[in-house]
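J.: Per Swiss-Prot, the feature ATP binding site maps to LYS6, THR165, ASP166, THR207, GLY208, GLY209, MET210, HIS211, THR212, LYS213; the stated evidence is sequence analysis. Residues or ranges marked as substrate binding site in Swiss-Prot (evidence: sequence analysis): SER46, ASP133, ASN145. What Swiss-Prot records for 271-349 is domain 'PUA', and it gives sequence analysis as the kind of evidence.
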Amino acid sequence: MRVVLKLGTSVLTAGTDRLHRPRLVDLMRDIAAVSAQGHEVVLVSSGAVTAGWEALGFPPRERTLAEKQLLAAVGQVQLMHLYTSLAELYGLRSAQLLLTADDFRERTRYLNARTTLEGCLSRGVLPVINENDTVAVEQIKVGDNDTLSAFVANLVEADLLLILTDAPGLYTADPRTHPDATLIPVVERVTPDIWALAGGAGSHRGTGGMHTKIQAAEIATRAGTPVVIAPGDLPEALRRVVDGEALGTRFLAHGTRLEARKRWILAEIAHGRLLLDGGAAQAVRERGSSLLPAGIRQVEGDFERGHTVRLLAPDGQELGRGLTRYRADDLRRVCGHHSREIEALLGYTYGEEAVHRDDLVLL
C-alpha cells in the first residue's frame, strides 16, 4: 500500500509552542514499522515556521510575510535535521522536497516531481514534503498542507491519504460547544451538509482547520484515493489505519482511478470558471461531450490557453474541470457564438471546442 501521511503543526507540537520531540520519535517509529511491512510512505509535514520560532526565540505572535518566510527558512533546516536523525535511528533514509503550486500547475514540473518521488519510493527513501514557504507568494501558494497532501496523493497515485490532526475526526457538530455531538465514522461523499460541519480555522500556529481537511478529502477522493482523518495522539495510528482498523473519519473514494493526465488536470489549481447553459451542462454531464463556446454563458477569471478552469452548471454546481483552448478574454468574445464564427471573431482558431472532452474531468 502507498500512503501519504500528513502531519499538521498541532500534531507535531502536541498543543505546545515547540516541536514535541517524543511525539516525533513515536511518529517516526510508526513510519518505520509500516515501511518494514512493505508499505510505501510519503510524509507531508508542517512545522517549519514553528521550528524557526523555536530556533530564533521569536515570541509567538502574528508576523509579516517576510518574517514568516525567514522563520520557514531557518525552521525547515531544523525540522529536516530532526527527521533525518530520527529516520536514521530506525534504519531509514529521508529526502526533502519543497513544492509550490506551480509544481502542480506546470506539467513538466509536475512530471519531474512525480519522477523524483517514484525514485525515492523505489529505493526505500522516505520523502518529506513541505510547501516552499520561503519563496511562495499568494499567487504560487498551495495555501495549506492539507490541500498539499491531497495534491501529493494525486501525484503519486496513493492508495490512502491519512491526515493526522488534533481532533478525533469529523463530528456531527462542534464537540466543544455541543456535548452531544458524535463522531462520523464514514463519509460516502462530500456534500453541502458535510461542508456545513467544517467549523472555523485551525490552530494559531497552523494554516488549516477541518475546512481544509474536508477540502483535501474532496480533492483526493475525486481522484480515487480514500482519506482518513484521525487523531495524531493515538499510538501507532498509521499502522493501525493501514492494518484496517477503523479510526477517525474515513472518506470513501468514488469513481475509478483517473488516468495520469486527468489526475494532473484535477490536481492543478483552477484559474477561472465557465458558467454553462442548461443544454451544454447536460451534454457535458450526461454524454461526456466537449464544451463548445455556444454553451458558455459567462467567463470568470483571468487565464491563458492551457490553464485549468472549472465548469459550472446554471445552478452553480461544479460539473468538472478542464484545460481551456482559449485565453479568458478571447473566450468572452466567442462565448454564446457558434464554433464556425470563432475565426472571424478572433482572427485565429485553435479548434471548435472551448474545452475538449479529452482534457475534461467530470466530478
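Glycine residues also receive a Cβ, built from the backbone N, Cα and C atoms like all the rest.
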J.: Specify the secondary structure state of MET210 (ATP binding site) as given by DSSP, simplified to three classes.
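T.: In the DSSP reduction, MET210 (ATP binding site) maps to helix.
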J.: Measuring Cα to Cα, tell me the gap between MET210 (ATP binding site) and ASP133 (substrate binding site) in whole angstrom.
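T.: If we compare the Cα positions of MET210 (ATP binding site) and ASP133 (substrate binding site), the gap is 22 Å.
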J.: Can you tell me the CA-to-CA distance separating ASP166 (ATP binding site) and SER46 (substrate binding site), as a whole number of Å?
T.: 14
J.: In sequence order, what residues of the same chain, 6+ apart, have a Cβ less than 8 Å from the Cβ of LYS6 (ATP binding site)?
T.: VAL44, SER45, ASN145, ASP146, LEU148, SER149, LEU161, LEU162, ILE163, LEU164, ALA216
J.: Fill in the CA-CA distance, ASP133 (substrate binding site) to THR212 (ATP binding site), as an integer in Å.
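T.: Roughly 18 Å, rounded to the nearest whole number.
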J.: For each of SER46, ASN145, THR212, count the other CB atoms within 10 A of its CB; which of these binding-site residues has the top count?
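T.: Comparing the binding-site residues SER46, ASN145, THR212, the most crowded Cβ belongs to SER46.
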J.: Rounded to the nearest Å, what's the C-alpha distance separating SER46 (substrate binding site) and THR212 (ATP binding site)? Just drop the number here, would you?
T.: 14
J.: According to DSSP, collapsed to three classes, what secondary structure does SER46 (substrate binding site) have?
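T.: The three-state answer is coil.
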J.: How many other Cβ atoms sit within 10 Å of the Cβ of MET210 (ATP binding site)?
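T.: Summing over all protein chains shown, MET210 (ATP binding site) has 22 other Cβ atoms within 10 Å.
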J.: Using DSSP, tally how many residues of the domain 'PUA' (271-349) sit in helix, strand and coil.
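T.: Residue counts in helix, strand and coil order: 28 helix, 23 strand, 28 coil.
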J.: What does DSSP say about ASP133 (substrate binding site): helix, strand or coil?
T.: coil
J.: Which state, by DSSP, holds ASP166 (ATP binding site): helix, strand or coil?
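T.: Coil, per DSSP.
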